[in-house]
């Protein structure tokens, strides 16, 4: 945990040289990272201190060992699992119209307003991903062929192969926060840091200042290599890859032909980078925090991983609308069969029945700073060790973030 000390810094265990203002005082709170154990999290006052240090609004109590994921699922109202075709296609309409509006804004905006237009258009494109995400979880339509077609088309503007992503994402849900098995964000292994200086520098940059775009590396590494899939999956994977390459071969030249190379950057590449910002940010905030552990398969507990190892984070409402409430993530991990338009109702039910066990936050600078400067290398006792505790001379990017990144909540 972070041990609070006024003015002085006490060297205990594993150190993080982070300082931040405490709301009720003008003094500076210095932070030392200590191992977190269940007894510490059971103390309400210590959880409040952790909330302040990490940028959370609530850090939940440890879930009792006798609670199963089925116990949690059984408390959800049946209506949150119901597929509503009108609501599903309404989400498609929202994404298509908001993306079209973004393209229109890009075509008309003066250069100094382009960043705002890129932010809107890239966030709208993220809505396409969420629609495909629902299709992959069979929560978009009762017609599975419709889901496969809509999911593939929704992913095309993002040049994301639908079936490869679906197969790997299913594993993320089955093995959430399980060491070596989870296919989403994962702590860095110490042996990776020690393997070579070049790889060490690349990992430090990737898990530090470039972390909000690391989903690009994940996209490249996990979805285009046929060797990563079972023989029964390869046929569907090839169809998705063919669709993506066809989009690149036809769509990109058309964009360049109509608008030039700079137009390709303006109308496609920059919104795509914004999409990956949200892809990376949503994913790392959902499952990464100093107090949320990754466990071995022998120690792993499904209920604790899905309910207590997933974070609910509130964003500005326009982002939530364009991204179809993908940030309401705890109920999605309790059951991936809940459609995106029912996530808010499902989360309210979880709050009523399991509220004291939930981790919640409002998106803020301190939350991002904590993840990007602290949650790096796996350690069984401490959960995470920052890079600069292992390789301080090569961790200047982390030092830079800790010094200059805002610390507001």
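Even glycines carry a Cβ here, placed using N, Cα and C.
Per TrEMBL, the range carrying the annotation transmembrane segment out of 237-255, 294-312, 313-331 is 237-255. Checking the ranges 261-278, 333-350, 351-368 against TrEMBL, the transmembrane segment annotation falls on 261-278. Looking at 112-132, 133-153, 154-174, 175-195, the range annotated in TrEMBL as transmembrane segment turns out to be 112-132.
Checking the ranges 88-106, 202-220, 373-391 against TrEMBL, the transmembrane segment annotation falls on 88-106.
When pLDDT values are averaged over the domain 'Fatty acid desaturase' (110-358), the model yields 96.
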